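Trainee: As annotated in Swiss-Prot:
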BINDING   74, 75, 76, 77, 78, 79, 165, 173, 231, 297, 298, 299  3'-phosphoadenylyl sulfate binding site
ACT_SITE  143  active site, proton acceptor
């Protein structure tokens, strides 16, 4: 097994309070060849990440104008962040202004929209939020399922956007991402091991189906509070979906903007080709030393067909169909 220092800080267990250590000792646990996971409120977390989740739940002070971008890992999070930043930024900087000063050209979307669990509450229970004091709305992000995440909102009606993606493409994207940050070759045996874990519901932030269902049901119960978006629809009808996102966030496109091509300009600014080609995303890193370029790969729908066997496809499809039965959520 990898030593502690070889693991990403989110996957270690060196930042735990005594209270959290005691809690973990009472939780269901799982250990693969590299890291330990524990199941808290129905979701699997690395130990340090669980500490961050608890810190967030207890100490975050929401504002009603906050915008929270949620997703299961490797579901189009970077793209959702870029689009949301660009939509909100229009109120401060129209596209006709100097484009070179746009924040997306000088920072990665993950640098602009921090994760509660990784960027804010991982190292401290009381992060400094003063840099957001002049921002309205404030943009944050999370991978927590809705029922866990809502504890930190303390009843606030702030906007929550969830991006959902086909689990098979999520799996392939996660497989490639793990290989990048661990500097290992893309291994078929690793994919097969990850596949079995995914099917068993044991993965970082898994089970996938419970995660998606939490936001799906939340969007049905309170559509003004939670917007459920699909990665595949973003790819097939980007203009329609960006308009939908902008309206939900409270920054709808005017007729003049639509007529002048603002939606197309925004989509081009946030495109994989444009963002991945920027110097900051070719050479920059997160504070956890992840290369920004590792967040950009193919972004394709259906890439899983190049990697999963028909038997694997059938197995995971049957599991998803069973787990989502009666919910009206389909893939």
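For all residues, glycine too, the Cβ spot is worked out from N, Cα and C.
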Trainee: For residue 165 (3'-phosphoadenylyl sulfate binding site), which residues in the same chain are close in space, meaning a Cβ under 8 Å from its Cβ, but six or more apart along the sequence?
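Mentor: Same-chain residues close to residue 165 (3'-phosphoadenylyl sulfate binding site) (Cβ under 8 Å, separated by 6 or more) are 71, 72, 74, 75, 76, 230, 231, 232.
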Trainee: How many whole Å apart are the CA atoms of residue 78 (3'-phosphoadenylyl sulfate binding site) and the residue listed as 'active site, proton acceptor'?
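Mentor: Answer for this pair: 12 Å between alpha carbons.
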Trainee: Taking the Cβ of residue 74 (3'-phosphoadenylyl sulfate binding site) as the centre, count every other Cβ atom within 10 Å, in any protein chain shown.
Mentor: 22
Trainee: Residues with Cβ closer than 8 Å to the Cβ of residue 143 (active site, proton acceptor), same chain and 6+ apart in sequence?
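Mentor: Within the chain, residue 143 (active site, proton acceptor) has Cβ neighbours under 8 Å at 70, 71, 72, 73, 77, 115, 117, 205.
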